[in-house]
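S.K.: Pasting a structure below so you can have a look.
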Amino acid sequence: MITTVVGSYPTEPRGPETLGERLLNFFGSYDRYRPAIEAAVRDQFRAGVDIISDGQVRGDMVGHFAAAIGGMKIEDGTSIIYSRITPPAGSIGAADLRYAYRILRGLTDDESRGVKGIITGPSTMIYASRIEGFYDPQKRDRAVMDMAGVLKIEAKHLQDAGAAMIQIDEPFLSTGIVDMKTAGRAIDHIAAGLDIEVSLHVCGDIRNVLSDLLRFKVDVLDLEFAGRPSNLEVLEEKWRGDKGVGFGCVDTTTERVESMEEIRNLIKRGADIVGEENLYIDPDCGMRKLPRKAAFSKLRNMVMAAGN
């Protein structure tokens, strides 16, 4: 079974330490987030994860994109849409993905181990933002589709940068406030034309949305099961075998490190429903809020449980 992560990892940016870094800082070229990316890559590699992330160290999942996309801005920590949504001049995440890939290739030449490209989904971007201009805040469909057009370009940038797969994060889809038909059209628009696997991450209770999600044109549905064991019942009831399942099997809301046996038993329950060959083993969600030691230990036990 392939092991992966959902995205964020608890490493911190740091200031310049070496002479070379201080010189870069003097000339305005030092990137304080690169040490955090390198630390995230090394931790995930040491834990044995197959498809890693760059750690998503530059900020929260909405703000990082909103700060770069035309027609959006951040005020007092809130994402605001003030004009028509347009693409940035370049990629938002390709440089970090390439850097993470370079670090990984320095650790191993095993091409089965790669870096996933991650984008925050169009519905989550729009519903997490305050609309102050151009779009109707009571009818967000147009904004969602314009955002999908921007994110389709970003997904292609990430693919061209060497991403092993593309993950679209859509936590808002389980909340009940999103128009699922529009959400599906937006996701399908992003996925169309990509040559690598596309995974859709939706955390939360999937009881009212799984039937819709199964119709989306993605290769993998990434869902949480450790923190929401009731999702297993929903999966068993509604599953049809035309997609992979990203199987969240460690709880990212608690510092408690699950034992290998506990994780293994949960994975077995998932395999009994969808088949071991359809499982991608990962945490429930991002790990940003966990202590680094707990995050690493959870990943290590997860990988060992998946391999035994």
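Backbone N, Cα and C define each Cβ position, glycine as well.
Pulled from Swiss-Prot, these are the listed features:
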type	residues	note
BINDING	His201, Cys203, Glu224, Cys285	Zn(2+) binding site
S.K.: Return the residues near His201 (Zn(2+) binding site), defined as same-chain residues 6+ apart in sequence whose C-beta is under 8 angstroms from its C-beta, sorted by sequence, else 'none'.
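M.R.: Listed in sequence order: Val6, Gly7, Gln167, Ile168, Asp169, Glu170, Pro171, Asp222, Leu223, Gly246, Cys285.
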S.K.: Does Glu224 (Zn(2+) binding site) have same-chain partners at least 6 apart in sequence with Cβ under 8 Å from its own Cβ, and which are they?
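M.R.: When sequence neighbours closer than 6 are ignored, Glu224 (Zn(2+) binding site) has Cys203, Gly204, Asn231, Gly248, Asp284, Cys285 within Cβ distance under 8 Å.
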S.K.: For the Zn(2+) site given as His201, Cys203, Glu224, Cys285, which other residues of the same chain have their Cβ within 8 Å of the site's Cβ centre?
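M.R.: Near the Zn(2+) site, beyond His201, Cys203, Glu224, Cys285, sit Val6, Pro171, Val202, Gly204, Asp222, Leu223, Gly248, Thr252, Asp284, Gly286.
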S.K.: Among all protein chains shown, how many Cβ atoms are found within 10 Å of the Cβ of Cys285 (Zn(2+) binding site), not counting that one?
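M.R.: By my count, 25.
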